[in-house]
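Single-structure report; data block below.
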Amino acid sequence: MSTTNYPLLERVNDPADLRRLPRAELKALATELRAFVLESVSKTGGHLSSNLGTVELTVALHAVFDTPRDRLVWDVGHQTYPHKILTGRRDRMPSLRQLGGLSGFPQRAESEYDTFGTAHSSTSISAALGMALAAKQRGDERRCVAIIGDGAMTAGMAFEALNNAGVADANLLVILNDNDMSISPPVGALNRYLAQLMSGQFYAKARDVGKSVLKNAPPLLELAKRLEQQAKGMVVPATLFEKFGFNYIGPIDGHDLDSLIPTLENIRGLKGPQFLHVVTKKGQGYKLAEADPVAYHGPGKFDPRVGLVKPATPPKQTFTQVFGQWLCDMAEKDERLVGITPAMREGSGMVEFHQRFPERYYDVGIAEQHAVTFAAGMACEGAKPVVAIYSTFLQRAYDQLIHDVALQNLPVVFALDRAGLVGADGATHAGAYDIAFVRCIPNMSMACPADERECRQLLTTAYEQDHPVAVRYPRGAGVGVAPLPDLEGLPFGKGEVRRKGRRMAILAFGTLLYPALQAAEALDATVVNMRWAKPLDTQLLLQVAAEHDALVTVEEGCIMGGAGSAVAEALAAAGVQRPLLQLGLPDAFIEHGDPAKLLALQGLDAAGMQRSITERFGALPGEQALAAA
């Protein structure tokens, strides 16, 4: 991407270059940086609103702090495109979130300026505190800064870190990037507190009174300090963060470099834990994103002159949409149903449910642990909770899943979106481990629908059970198998034979059924749609094993401990010996890229399956070559 239109930005190859610029030019640099972010994301897709909102803050941080010696830890990290551009990766932005290209999140392996890898929320304060105390032990005076959003601040982990940091005597700066907008609208008492603090007549009046108090203060140092604290107390009544032991500064305008830079310079010289409250606006500087920051949170490619345009041909229904429609239909049928989400209303397909059944919709904020135990409590009182959560985020509530739900055998349905590889978001968001970590829990079951129709049917089956059940389904469009309008389920724990072949049987779990069927045509193999990773349809498995010379399992999840392992365990328990090939995700983190290309690289497309099977078991008589897609 050409930098011809960005003359100042072209001169900044690292933060040292930025610090050499005259302060008077930093505003112009921020303007160029914002335009560069917009142009870049419009060509590659990615996170936009959050990055447009952190431009000035990023410029100010690199202008004031001696990065990378001073540590910047970005919470979540999807707002770090300006940071990447200023830290030597400007010319690689066209590769953003593409196979072999820049990650959309901070990665330690990508740059020394990415001091801590992030993508899940609310980890920054803990990490920055650890860095600060490690530096203190070595006698190093470096500064450590955590930048965290108001949505991420609602998570319990953030408060655990604040509680520790307030008494740790570390040179830690926590910057609250208060933009009143996580992916879904932020909820909870903390966000209400921040909103009240920043809105209405009280803040304006208190600010004016504070200025008046300071203006009229006698020129006595101690009295002036006392009055300053009183004035600050009037602006920020009983400041929550000061109760944690932090020196609270703010709120200040996060888009005003004339405020940001001197404030950060003053803070840099202070000892102990500091808390800076910065107010920003998501989508700042691009009117379309300012008006609809959710739509521009993570857009695909678009023309910035006209904005997002709906495709002329409606795309295939997504699994997320299938879930959202099922949730509304089941809620109409059963008034006991309640829907729970940890701050992912839009991403989990719950917008319509929220609109139609607001009294039965619960957004608990970025609080996965609380969401799961909250669901358990509701189930104890006769409600029928459905927890809509990304597979990767359920990892954060594993103890609650075991201790609070499964141990008590409570009928909670977990709708696990983003199961398997997720493409551009990469390893941090991959739902690679859910089969393995769910199936080992007593009382838990795990369904793996192969398409949109089965997704709706298996959600119904899960809902009808009197114990906890997880239903996993991938991100994005289905295969085009339209769901049936009724709410009929499928038999619990039962699979089906989809294709009869000879010698060899492929046992497919989830959406890899369809490439398995393609591969089977060339191999003349039997294909079984297993549907359930737990309970395994052992009767069908043993029948298929008796009729075939070799077995293959395919799953879009980790091989270790996954569905293939369940098949191996069942065969061993029955004393059945059959050659078994397990295909799935390896013991490695799969980085970002196009989902189809990533599956092909792992040998999980039709051609890859045929290749792996042939290499293991040899060519079959009359086998046809399967052309790679």
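Any Cβ shown, glycine's included, is placed from N, Cα and C.
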Candidates ASN171, ASN179, ASN266, the one Swiss-Prot lists with HIS78, ALA119, HIS120, SER121, GLY151, ALA152, TYR286, GLU368 as binding thiamine diphosphate: ASN179
Rounded Cα-Cα span from ASP150 (Mg(2+) binding site) to GLU368 (thiamine diphosphate binding site), Å: 16
ASP150 (Mg(2+) binding site) versus HIS78 (thiamine diphosphate binding site) - Cα distance in angstrom: 14
Per-residue Cβ crowding (10 Å cut-off), top of binding-site residues ASP150, GLU368: GLU368
Neighbourhood of ASN179 (thiamine diphosphate binding site), C-beta criterion under 8 angstroms, separation at least six: SER50, GLY53, GLY149, ASP150, GLY254, VAL279, THR280, LYS281, LYS282
Least Cβ-crowded entry, counting other Cβ within 10 Å, from the binding-site residues listed as HIS78, HIS120: HIS120
